[in-house]
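**Student:** The ATP binding site annotation in Swiss-Prot covers Q29, V47, P48, T49, A50, S51, G52, K53, T54 and is backed by sequence analysis. Residues or ranges marked as domain 'Helicase ATP-binding' in Swiss-Prot: 34-209. What Swiss-Prot lists as motif 'DEAH box' is 154-157, and the listing cites sequence analysis. According to Swiss-Prot, the domain 'Helicase C-terminal' annotation covers 242-443. If you look up Swiss-Prot, you'll see 744-783 marked as region 'Disordered'.
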Amino acid sequence: MRVADVPGLPGGVADHFEGEGVEELYPPQAEAVERGVTEGANLVASVPTASGKTLIAQLAMLSAIAEGGDSPTFSGDGTALYIVPLRALAGEKAQEFEAFERFGLSVGVSTGNYERDGARLADNDIVVATSEKVDSLVRNGAGWIDDLSCVVADEVHLVDDDHRGPTLEVTLAKLRQQVADLQVVALSATVGNAGELAAWLDAELVDSDWRPIELRTGVHYGQSLHYDDGTQAELSVGSGSQTAAVVADTLADDGSTLVFVNSRRNAEASARRLADVTGNALSSAERERLADIAAEIRGVSDTETSDELADAVASGAAFHHAGLAREHRELVEEAFRDRLVKAVSATPTLAAGVNTPARRVVVRDWQRYDGTAGGMQPLDVLEVHQMFGRAGRPGLDPYGEAVLLANSHDELEELFDRYVYADPEPVRSKLAAEPALRTHVLAAIATGFTTTEDGLHEFLGGTLYATQTDDTGRLRSVTGDVLRYLDRNGFVERDGAALRATATGQLVSRLYVDPMSAATIIDGLRDAARDATETDDEGAFRPASELGDDAALPADASVEPTPLGLYHLVSRTPDMYELYLRSGDREQYTEVAYEHEDELLGATPREEQAEFEDWLSALKTARLMADWASELDEERIAERYDVGPGDIRGKVETAEWLLNAAERLAGELDVECGPAVREARKRVQYGVREELLGLAGVRNVGRKRARRLYNAGVESRADLRNADKGVVLGAVRGRAATAERILETVGHPDPGMDGVAADTDAAPESGGEAGGDEGQASLGDFS
């Protein structure tokens, strides 16, 4: 089918796609059109990576936005929503869709700040957002949601994910219930039960294994590649590793390689080794460009991880994992797409939709550690096939190859049976679990989706879980447990079968925190206000909501919790991923707990209780935040806690979000600790001590420049407004444009830097950096 023959598209759209080189539709795309995707039909497209799923979504969205019957135009009020699983994908997709601005359409993107209603998005024709953001928009009453004409769910097979799957599942169920005549288009990898997904969404199904270029899969063993069609190709290993040999073989054919490993450490170690291979394949021009990229990488953060990544990139290799800063990952992805970086060693996060195809994919590690199982477990077929799907770049590669590595003949046969010849597993709903249901049940009640228990069960009947089971007993049982929990903690009230969210429950839903997180925070704030560190039953956990009326707060309750106490409080919530305790940490942090016991909020478990280790893990996480807020260098924090810059920033962002929730909840409880919580939040947000809060909040200043300015005598925003320009220029290390922007922000009467000399005393090499004072005491400096 030619794109010009697609029905339902306004004039000029077909010409646009033809100008982009799309004249003939791929078979799955043509089948989607035949099944009515441009005429309002719901559709599930279960097709391999790089087989044109995005174009199916674009055709659906553009036709849904348009109005006018046989001669459609973009003059209607419809809005298309594109849901992505990752923040990184949101920006990438929004950039793709900006090509449609030529038709007068506007594109918006939203991924953060879950408490806002997204009113600014109302004027957009296409909105790109994560499922969590869409869920929060519904909770906060975003009016434009009612104007949706089409919603696209990318990577919908991720409903199978324990953590994020329930949110995507419930969000789609909410949208279908809230918005009349909403078209739903779900894009999925090839899965074992695409028909069930289609039945859930009342959708047409396109289920295809077609790819635009050939994908050859196989296993390397000994000195040969064994392919799925029974053929073999010689690939000698020699004295090196299998991975290095496969990468070298790919380079000899001017191809690039993605290597998937099972841990961050393995990704970094693999990249270091592969740099010796890729470095020999670089031209002088490539070396120059890679040197510039390496310099950019070093500028992202002052950490060993940043330096190691830069060293690898300079030689044409890289690693990619969640411990990297966002800027690191973007630089690596762009350099790989530009064919400057020849090999990337990555954890499976890179297979989750980010557009980084390669000539050859190597799945080096097909097992990873599973803490629940207590050992190494094989990866799912679906996950490995997602990695396979990254092989082959349409328009750039004549074919793609995906290779597993075997160390024995038995393993060779096992890998063929387990992955090469196997079909992917069916996706299964993960909704019927109490942690998944807590937040969604509260939100359904708080937003008025349901006002009775029967109504709640009817709403949940629109989920994938309900489609996949004939036995609703488990879901009803777990839902009953959740309702009792929400009632006991004061988030909902039950009057017979009637359900109503309390004011606190309404707030918790809008804040988008797990109700258990909110209960933990509330208990801690109430405990602080009572100045109590023990419960009646020593060592037992009892929520404040269970203590009875005699434990009510005094009318003038006032408390000043410390930053460490607040950081520990939010680190104990299920919304925070705690740091693991390493060997020797238990004794060390037990000592810290005794030293700071008066600061720590809420009940403390006894040392012999199972909960004690999690409690200590939260204390370790809190100490990281306290070090950050005390201006300790990022490099020292990374070394002390064995984390990457991305981990630090992730913990900081989560802490800021949870402390904002704590501040709002303190106001709801009339506990007058709002200023203390706000200060702790601001300090962790900017990574500074109290005296720098005013300066660090100025755009383009940040923690290090704020400390330099303060040490040079510029101690406040008012001081900065009238500061000596040479001092400001020195504090930003001679960057005139940056100095001008800072002075313009604060309203300096003459921000220009022409002829201004930098005051070198304002930029000392040591002692003036954030955390640069090596004599500075820190919470982490204990024996």
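Residue positions begin at 1 at the first shown residue.
Placement of Cβ uses the backbone N, Cα and C atoms for every residue, glycine included.
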**Student:** Which sequence positions outside the motif 'DEAH box' (154-157), separated from its termini by at least 6 residues, show Cβ-Cβ distances below 8 Å to it?
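**Tutor:** For the motif 'DEAH box' (154-157), the far contacts come to 44, 46, 53, 57, 82-85, 89, 93, 168, 186-189, 191, 197, 352-353, 382, 427.
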**Student:** Per residue, counting other C-beta atoms within 10 angstroms of the C-beta, which of the binding-site residues P48, G52 reaches the highest number?
**Tutor:** G52
**Student:** 10 Å Cβ neighbour count around Q29 (ATP binding site)?
**Tutor:** 28
**Student:** Calculate the per-residue pLDDT averaged over the domain 'Helicase ATP-binding' (34-209) and state the result as an integer.
**Tutor:** 91
**Student:** Taking the Cβ of T54 (ATP binding site) as the reference point, list residues of the same chain whose Cβ is under 8 angstroms away and which are at least six residues distant in sequence.
**Tutor:** K93, E96, L187
**Student:** In the same chain, outside Q29, V47, P48, T49, A50, S51, G52, K53, T54, whose C-beta lies within 8 angstroms of the Cβ mean position for the ATP site?
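**Tutor:** Sorted by sequence, the hits are Y26, P28, A45, L55, I56, R211, P212.
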**Student:** Quick one: largest C-alpha distance among Q29, V47, P48, T49, A50, S51, G52, K53, T54, binding ATP per the record, in angstrom?
**Tutor:** 13
**Student:** Could you find out if DSSP has A50 (ATP binding site) as helix, strand or coil?
**Tutor:** coil
**Student:** Tell me the Cβ neighbour count for A50 (ATP binding site), meaning other Cβ atoms within 10 Å of its Cβ, over all protein chains shown.
**Tutor:** 21
**Student:** Could you give me three numbers for the motif 'DEAH box' (154-157), the DSSP helix, strand and coil residue counts?
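**Tutor:** For that range the per-state counts are 2 helix, 0 strand, 2 coil.
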